[in-house]
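Asks: Residues or ranges marked as GTP binding site by TrEMBL: ASN17, LYS18, GLN19, ASP20.
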Amino acid sequence: MFQEIELQNAKLLVYANKQDLPGAMTTSDIADKMQVESVTSHGYYIQSCIALTGKGLYEGLEWLSKELV
């Protein structure tokens, strides 16, 4: 997907939801499973979050906004 011309400078933000549940994957486990380092060299961030409470959502958007400036 990131090989496409339109995405050659794209940043990747992944929200790792449900981090309040037992057995939730760590962000490093998710990075390994997704193989993000082989998919993009333009920057990625995996933010753990709990969507029901909003925990972590702002931090992910903050990273993205800093990357896009």
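Any Cβ shown, glycine's included, is placed from N, Cα and C.
TrEMBL annotations: computationally assigned, not manually curated.
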Asks: Measure the Cβ-based neighbour count of LYS18 (GTP binding site), defined as the other Cβ atoms within 10 Å of its Cβ.
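Replies: LYS18 (GTP binding site) is surrounded by 14 other Cβ atoms within 10 Å.
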Asks: Counting across all protein chains present, how many other Cβ atoms fall within 10 Å of the Cβ of ASN17 (GTP binding site)?
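Replies: Cβ-Cβ neighbours of ASN17 (GTP binding site) within 10 Å number 16.
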Asks: Taking the centroid of the Cβ atoms of ASN17, LYS18, GLN19, ASP20 as the GTP site, which other residues of that chain lie with their Cβ within 8 Å of it, listed in sequence order?
Replies: ALA16, LEU21, ALA24, SER48, CYS49, ILE50, ALA51
Asks: For the binding-site residues GLN19, ASP20, which one has the sparsest Cβ surroundings, going by other Cβ atoms within 10 Å?
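Replies: Ranked by other Cβ atoms within 10 Å, the binding-site residues GLN19, ASP20 bottom out at ASP20.
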Asks: Using DSSP and collapsing to three states, where does LYS18 (GTP binding site) fall: helix, strand or coil?
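Replies: Note: LYS18 (GTP binding site) is coil by DSSP, not helix or strand.
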